[in-house]
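A.B. asks: Sharing a structure here in structure tokens format.
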Amino acid sequence: MSLDTDDEILQDFLVEAGEILEALSGQLVELEQRPDDLDLLNAIFRGFHTIKGGAGFLQLNALVDCCHIAENVFDMLRKQDRAVTSELMDTMLNALDTVNTMFDQVRQGQEPEPATPELLAALERLTLAEDEVSAAEPTAADDTADSGDETAESEEDTAESEEDTAESEEDTAESEEDTADSTHDDEDLSAGNEPTMNEGSEPGEPGEDITDDEFEQLLDALESGKQEKKGSKATKSAPAASDSADSGGGDSDSGGGDSDSGGGDSDSGSGASDEEISEEEFEKLLDQLHGEGRFDPAKTLAGEAAASLEDEATPAPEKPKPNKSKKAASSEQASKAGDDDEITDDEFEALLDKLHGSGKFDSAVSDKYDQDTIRQVTQAAEEHRAERDDVAAKADAAAPEADKVEKKTPAPAEKSTAKADSKAQKPAEPAATAPPAAAKPAPAAAPKGGGTPEKAPIQQDTTVRVDTKRLDDIMNMVGELVLVRNRLVRLSEAGDDDETTKAVSNLDVVTTDLQNSVMKTRMQPIKKVFGRFPRVVRDLARSLKKEINLELVGEDTDLDKNLVEALADPLVHLVRNSVDHGIELPDVREQQGKPRTGKVVLSAEQEGDHIMLSIRDDGGGMDAGKLKTLAVERGVMDQDSADRLSDKDAFNLIFAPGFSTKTEISDVSGRGVGMDVVKTKISQLNGFIDIDSKVGEGTTIRIKVPLTLAIMPTLMVTLGEQAFALPLVNVDEIFHLDLTKTNVVDNKEVVIVRGKPLPLFYLKRWLIKGAVTHGEESGHVVVVSVGTQKVGFVVDQLVGQEEVVIKPLGKTLIGTAGMAGATITGDGRIALILDVPSMLKEYA
Amino acid sequence: MSIQATKSSEDDPILQWVTFRLADESYGINVMQVQEVLRYTDIAPVPGAPGYVLGIINLRGNVVTVIDTRDRFGLPSEEVTDNTRIVIIESDGQVIGIMVDAVAEVVYLKQSEIETAPNVGNDDTSRFIQGVCHKNDQLLILVDLDKLLSDDEWQEIAEL
């Protein structure tokens, strides 16, 4: 079966899960360093859970299975039923790899292949044991091979008995859950008031069909179910779950239900996540409240509200259950669990909308809000009040519940206010809308929920996903604006109208600001690239049996998205190099009086309009002498030139094509991306790479890249009438030259600069048809460097330094030798941007 | 090439053609492919570009390649006059300017009025001709832009 890759939900999931997977790999490695970090554990747990949820919705059962078990393991870890060990981490990283593989398959539109039974079994083993069992079991298995002594056995005994206890606890919990389940089912059957209950896609019957009695009944049933729920949680003493249960306990049922369902949502996350969730819920609740009036004016407000909340509560707490009762949760169960989750979300949404519009509720809730809100809300409320006075009593009865919810979420309440605010204004219009309207939001929300079922709790910022293409377009347009501005600036300089000058300088400022902010939208923290390194280094170090500490500095440095992507490969290569060739084996290090653990520091910082990246290791360093000898041996250069090289130049030899100091290619480095490719890549980004090393102390590689690729600093020159832009990265210096004082060596013009001969070329002869360049007595020379080579270009005029927006040449002209693109100058004319290396290749 | 029908009267759709003059002949291009018509502006030559490329122009911030239609049709080049126009066309996803002596009008032609071009051998010009139309004692040569601009054709020209 192939998957429909055009499916929006799937795409959402891919984006979402892709990001999570990326983060997970970093978090897992981090976890190994800080095994007791509860926040981290929770984050990882949530990560797996979110992927599972999404996958479940999309029925990617293989993925669900794998994530589910992984999630279980982390559930145990965070409950401290199990300790983080290297072996465990290996298995988990393995699991992550498997998930990644499946994910790639999904991305390619294939059904993911199930994880290998071995992996599943290994994971299963990790989840099975609880408390000491967990420690005992794997250890026991391992030990048996070695010593196979009684200790292990006796430990196992203890373990077993404890496991029994655990199981019996679970049983209790399960039976309780059953009750909850059945209540939930009952209600589902009788009420059918869950628009999204049925998979979230088909809006069910709106709840208006339900009678008061039914609601009452349900309420009761749910209440009892709830109580049991809480009980079971307490028994299980899941810290976070009981947290929410506790907080819920004192409150009214609806409040408790709310918090519980939140617990289910976030999988009883830490305190922090609890808060977030409550905020979410709170918002939803508000929605819900607003929807009420529109939905069903005269009836059962309180009852319905409570019941619907209860509704929510029931499926939600049910969720953690299958997870905890793990044993062998089938894929079905798992996916169901995932679905439940989403449905819960959606249901919430739906209910919220239903309730939306109830003036009573609004006002009740808004009591807690600042006065503005109150005013707005009350206004809306008044309208409704007039319409349905008889609702008042019931609504008021419901009010305390809202209050309680509020109480539980004191911190986020402020934030919610704003949201409530906007929503509170709504009731006026849809006040008496027909029920179908209320049901509508549910299906709309459903697909979204599928893709990003639980994104919200993790990321509470309001963000919008924007296509990169769109950003590029905006960037382009801003580029145009900058050009127009430049023209205007020039024009206003020519005239002397004060007003115009003022307006133009104003425009100047605004445009610059706009340009900067648009640039920022494209910026991404370099964390995105750095994030993969802990894993890379860890795996490498383990396979090479080295001890290496990776330090990341300046992860938050922002740079252009394209750059972030383009830098990934070169950086991976360089880091691998450092680990493989740089850092010595622990024993060797000890002999040299260094700490056994090697250090690799990866850092990024902004330097003006550039980003400076550096990879520093405290390994063996490079021997300049050896490099020179090798260079001669490989025929890269002759002995004489090799002898003349400074140490620094010698280090740069490693960037020469066909130069590798390692005699054999290990499977670690030497994977095809040679150092020359790294260098080429960096140069393509208009960047520099520089290397510094000391034998015995280590090597530092520095990479300097511009902040953005869209704008290029250039030196504008003119040849005849036409303007050309030389990328500033290539330009070394400019000077005025008496052209009569040149020498001719080997039929080439040469000028001596500071004692060194510099080949001289007349750009005009190359680039302007029929240009006459003889007989000129003096000219401007631009010294450019290409690789290690330096040449001088004679140009007619130097215009100055200018930042230009690169415009690609059309299809017919792309690939024209020596041309990197075109740009539009301040006066609206076109200037060609020269590609110095390719130009030299073509003409010199 | 897709021929856009503006009005369809059963089997005989009416097509609109922008006519331009080159040397002493009238040519027509499908109006759906024409984006705009510009007066002659300074064209920045591109060193190293093929001979039929006059250079590039700034079209409101976009860089557009301009080709020399005379060169393409094997006609001797002429001085730029007041009537010289650059017709911006879109073909095969790329925007290109073609420089012509003058742009005349938009004519409506019925599909049935278009005759296949007389085969006059392997002439440069005939290569890009889609058909001819005889109307009001004038011969209108209809140009197939996609052929005019396609890479194979360029290749062949380059090899000649």
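Each residue, glycine too, has its Cβ placed from N, Cα and C.
Bear in mind that TrEMBL entries carry predicted annotations, made automatically and left uncurated.
Dumping what TrEMBL says about this protein:
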DOMAIN    A:2-106  domain 'HPt'
MOD_RES   A:His49  phosphohistidine
REGION    A:132-345  region 'Disordered'
COMPBIAS  A:143-189  compositional bias 'Acidic residues'
COMPBIAS  A:205-217  compositional bias 'Acidic residues'
COMPBIAS  A:247-266  compositional bias 'Gly residues'
COMPBIAS  A:273-282  compositional bias 'Acidic residues'
COMPBIAS  A:283-297  compositional bias 'Basic and acidic residues'
REGION    A:358-464  region 'Disordered'
COMPBIAS  A:381-393  compositional bias 'Basic and acidic residues'
COMPBIAS  A:416-426  compositional bias 'Basic and acidic residues'
COMPBIAS  A:427-457  compositional bias 'Low complexity'
DOMAIN    A:498-709  domain 'Histidine kinase'
DOMAIN    A:711-844  domain 'CheW-like'
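Can you walk me through where each of these features ends up in the structure?
C.D. replies: Mapped onto three states, the DSSP output places A:His49 (phosphohistidine) in helix.
For the domain 'Histidine kinase' (A:498-709), the mean pLDDT of the prediction comes to 80.
Across the domain 'CheW-like' (A:711-844), the DSSP tally of helix, strand and coil residues reads 16 helix, 76 strand, 42 coil.
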A.B. asks: Reported in the order helix, strand, coil, what are the DSSP residue counts of the domain 'HPt' (A:2-106)?
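C.D. replies: Its residues divide into 85 helix, 1 strand, 19 coil.
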A.B. asks: If you count Cβ atoms within 10 Å of the Cβ of A:His49 (phosphohistidine), leaving out that atom itself, what do you get?
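C.D. replies: Summing over all protein chains shown, A:His49 (phosphohistidine) has 29 other Cβ atoms within 10 Å.
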